[in-house]
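What follows is a set of notes on a single structure, which appears directly below.
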């Protein structure tokens, strides 16, 4: 019996209100525990694809399933429950700058509480312990009581990763997590994502602008151009020429 995909996109198309086609007939399956990197030019549709998975962008046609359940058709409380399974890491970190690192990381537990409780950021001792352990996992425990705006960009991104770990999702979507970071810090962030993938068996899908990091950390590479998937293959089987095709316009799609 075939393994049920953790993420499945069926004939997914996204057309924006101004008529721009963000995604065009995307068909994609990602299995539990994979580390998938998505590459392509700026504006190719990478972020749209990623953000469609957890409904930050609603799609125009098709369906998206998370562990076999349609997130496209889910609403209200059930959508909130489904989103618990999906952690998001942004290029801009999305931290509350004037709050402590501990409070920012504890926010990963907000999806587990009713709205009234999240409004007041009422975290339990268990939540705070989870947050501290997550900070230890990414080497940031010594900053637990620092304000987020006192940290470097790389440190803020690692705090964002700790927040996702505190959430304990099954899927991590990382949208250009290293875009504003120097090479050394970028590698540290990717090592953190690798740790979440290997230690906690979290499925990681990351948009990356660095081909070097994509080749080093990805199990599988998906090339996107003009809203379409033009390549999908195992990283170890992907020659350098494929990246040129993805960025320069040649076709390079690999069938299973």
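Any Cβ shown, glycine's included, is placed from N, Cα and C.
Listed in Swiss-Prot for this protein:
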- 7-251: domain 'ABC transporter' (DOMAIN)
- 40, 41, 42, 43, 44, 45, 46, 47: ATP binding site (BINDING)
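Listed in sequence order, 46, 223, 224, 225, 246, 247 are the same-chain residues six or more apart from residue 40 (ATP binding site) with CB atoms under 8 A from its CB.
Taking all protein chains in view, 8 other C-beta atoms sit within 10 angstroms of the C-beta of residue 42 (ATP binding site).
For residue 44 (ATP binding site), the count of additional Cβ atoms within 10 Å of its Cβ stands at 22 [all protein chains shown]. DSSP gives residue 46 (ATP binding site) a helix state. Of all Cβ atoms in the shown protein chains, 13 besides its own fall within 10 Å of the Cβ of residue 43 (ATP binding site). Here the domain 'ABC transporter' (7-251) has a mean pLDDT of 92 out of 100.
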